Amino acid sequence: MADTKPDKPGFLSRLFGRKAETPAAAQPETQQPAPETPQAGGHPETMPSPPANAADDLTAAPPTVTEASPDTPEEAKAAPELAGADLQPVEGLDPEGTNPQEPLPRILTETGPELRPDITAADLPAPDPAPAEVLPDPVPDAMPAAPRGWWQRLTDGMRRTSSSLSDSVTGLFTKRKLDDATLEELEDALVQADLGVPAAMRITAAIASGRYNKEISPGEVKAILASEVEKALQPVAQALAIDRTKKPFVILMIGVNGAGKTTTIGKLSQKFRQQGLKVMLAAGDTFRAAAIEQLKVWGERVGAPVLARAQGADAAGLAYDALQEAKANGSDVLLIDTAGRLQNKAGLMAELEKIVRVVKKFDPTAPHATLLVLDATVGQNAISQVELFQKAAGVTGLVMTKLDGTARGGILVALAEKFRLPVHFIGVGEGVEDLEPFTARDFAKAIAGLEATS
Ligand SMILES: Nc1nc2c(ncn2[C@@H]2O[C@H](COP(=O)(O)OP(=O)(O)OP(=O)(O)O)[C@@H](O)[C@H]2O)c(=O)[nH]1
């Protein structure tokens, strides 16, 4: 839930009076970095991770999250601008049996000796006393009882947001007249779901219009809510178009650690492969050994070669080489993973800028898409993440993950209103099928808790 309730006058005076502002609800920084799990045995790709210490350190993100982050600020405090979650490796199985039929390609794993210039030996901590093997997570959605359609997954996934809104609406509008107090409470519920003050005010005004002092049913309120949310989201619901004249079409994936970049790359690769596209992956998150391993597993799983190097290798150089390789092997799409955290924010931004610069040297039109992956559970914090990554890498579109883990799914509405960036995909679970192109109507109905889609 939003942790701050804006200080505001009564509904009618606000409706006809002052202009709303979006609350900058940055959350306090309390999270500690999750411990790394360097691999024993001196594998070249598993050097220990650099330490986290700077005040603006990107590692100050919530610890490993496989489940939903809690919504209460006490439980889910995140670094301002950089709330995220640590990653979990992905199991290399194909529970749904949807792997392309062709044999798995060789994984291109290079172990170039060069370290990134910003990581020196002094930065590297001593290995953990008892370093654990990098083990994959249990397979998410390994054996679903019965295949569920997207609408089912979406509504199930959005249940926390929709039931919290639904409960408020039902509580407020059952046998009650629509007056200043109910409208104010409704607006608060919308703000709590992170829709943002401007959208909350607009929706409340739409509900009030012509109905003041009359009874209105919860169903009517939900229908108006869905229609207003759909209106707000329609302009940003844009499919990710792969320009086949660009070969490879280069997609740079960015976002804070744990937002779901690597998982999203895997899920997208699967979709592209199912469309018959030849896909290559670049393990550009050279900051974490586990991220490199995780991407390799996804590559095997979906049938896409992965260019990977040792932890600490220069990510920009790797991206350049991946482009060369993708061009040489006729790939249609190259997806480049990037680090979500470095020693500090400045380091991360510098690395992203460098990757973009270097990629442009190879192809001035690349990257053809720069997708910012946002974790919905961070709520309003997503706003500062967009601002930050826009500056560093020029975001062209958004992917919102973990809508299943939060009652703050309304953040998509706030983002749409503020940035007007295309939203290409949303994720409602860890399974490979839990990411789908974003459609405004389905999302609006799901958030309002309406039953069917049409
Ligand atoms: N519940 C849920 N979990 C998700 C979703 N998308 C990703 N995850 C999980 O979030 C965790 C982090 O995802 P990663 O893909 O590792 O995140 P990342 O951004 O690559 O992280 P770094 O490599 O640390 O930068 C994993 O456990 C994923 O399975 C989603 O839509 N819903």
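Every residue, even glycine, has its Cβ placed from backbone N, Cα and C.
Record features (TrEMBL):
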- 255-262, 337-341, 401-404: GTP binding site (BINDING)
- 22-40: compositional bias 'Low complexity' (COMPBIAS)
- 422-435: domain 'SRP54-type proteins GTP-binding' (DOMAIN)
- 1-110: region 'Disordered' (REGION)
Those binding-site residues in GLY258, LYS261, THR338 whose CB falls under 6 A of ligand 1, listed in sequence order: GLY258, LYS261
Secondary structure of LYS261 (GTP binding site) (DSSP, helix/strand/coil): helix
LEU403 (GTP binding site) in three-state DSSP notation: helix
GLY255 (GTP binding site) CB neighbourhood, other CB atoms within 10 A: 27
Secondary structure tally of the domain 'SRP54-type proteins GTP-binding' (422-435) (DSSP, helix then strand then coil): 0 helix, 6 strand, 8 coil
For ARG341 (GTP binding site), the number of other Cβ atoms found within 10 Å of its own Cβ: 27
CB contacts for THR338 (GTP binding site) [other CB atoms within 10 A, all chains]: 27
